[in-house]
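As written in TrEMBL, here are the features:
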{"type": "DOMAIN", "residues": "43-449", "note": "domain 'Amino acid transporter transmembrane'"}
{"type": "TRANSMEM", "residues": "67-90", "note": "transmembrane segment"}
{"type": "TRANSMEM", "residues": "127-147", "note": "transmembrane segment"}
{"type": "TRANSMEM", "residues": "167-187", "note": "transmembrane segment"}
{"type": "TRANSMEM", "residues": "193-217", "note": "transmembrane segment"}
{"type": "TRANSMEM", "residues": "275-296", "note": "transmembrane segment"}
{"type": "TRANSMEM", "residues": "320-341", "note": "transmembrane segment"}
{"type": "TRANSMEM", "residues": "369-389", "note": "transmembrane segment"}
{"type": "TRANSMEM", "residues": "395-413", "note": "transmembrane segment"}
{"type": "TRANSMEM", "residues": "425-448", "note": "transmembrane segment"}
């Protein structure tokens, strides 16, 4: 019983060691709440939390899971998919417990960088975790805009095979759609959009599964080959690249921001929200990965929807089916992109808004309109210039989601609650942090290596 208390009660010795940092935190607390006043509103229920979590995790990168399997094969692919599910569910709950604990101590944390600053020290939040999260979220926005443009182009070419419109034109169109949604005033105001997003992710996942099974049984489908291509070096780096892709699929990177939308008391609400999210994950991730790899084997593309058309551009499933699947995907991509714009919005509005003025006053609305439009426009330009979704996907996982979702949560928990070194939970957390630090470092090298290998095919504003 004493041991349990040591795990789940705050260490006063640790508090004494961190006294200087805590004083600094207290000085910043008003600024923290003021800076997030308009973006993060604590009014949501655990059901709303489930919507936000599902939109931020169950997104179109899940359609890359069959491609990840081409580097891992059946056994390793399914094994890592299960491990990533268990570890992320566990880690997200650790983050929730740490956030609840510090809130009860009078230090409310609304963002990842707040957690790093308060637990690890101010330099960690300012110079490492904050920039990583900001870059991660903005890269996800870029990837969503890019993928949205690619889906729109697919629909266009199906209806007009000889059409002359280029990929970057569709990216701009989708970026304009995102720009409108980006003006939603707060994270909480996205709850209804994210409910629709949850339905959409189930819809396009069901389409991906059904389409894969249909083609797998069809005589038009490719010959099934589950061997792993390449020499030993390529297979090793490919395996770690695949782990990075799977990490990206499970990644979140904004759990503190989502928990900040919950109305107090928050105890237990995050766990219920995660249960909603992971129920959807089990159906969509495993269904899409297994059916896609079964149907296409080592010919699975970076986006499984690409396999629904043969090398000559002829559809292997009815055209209406491809239209429907891509429309579902486009609609959800917009919701995902807007969710990951929230940390960017919060940073910009902390710098340029006036918390003393009403939220919808001219003083706050004008800067918000300009800054959100500018950030969306920059993301659109980057997506149009660098339309290489597969490489971006693995890079995001290696440099952003591995640290935030796999390494930092157990570190935060151990430093906050100071569990005894004799307890299993201490060594479990240490093991997770160490193992995924190694995997993340190698995956980062593998991602950069793949970009170097593909560099000869890169071209600004490429019409892929």
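Just so it is clear, glycine is given a Cβ too, placed from its N, Cα and C backbone atoms.
Against the transmembrane segment (193-217), the recorded stretches 167-187, 275-296, 425-448 differ in Cβ pairs under 8 Å, and the greatest number is found for 275-296. Long-range Cβ contacts of the transmembrane segment (67-90) within its own chain (Cβ-Cβ under 8 Å, at least 6 residues beyond either end) map to 226, 228-229, 235, 238-239, 241-243, 245-247, 249-252, 274, 278, 281-282, 285-286, 289-290, 292-293, 297-304, 390, 405-406, 432, 436. Sequence-distant contacts of the transmembrane segment (395-413) (same chain, six or more residues past either end, CB-CB distance under 8 Å): 87-88, 91-92, 94-95, 97-98, 112, 115-116, 119-120, 129, 132-133, 135-136, 139-140, 143, 243-248, 250-253, 255, 419, 428-430, 432-433, 436-437, 439-440, 443-444, 446-448, 451.
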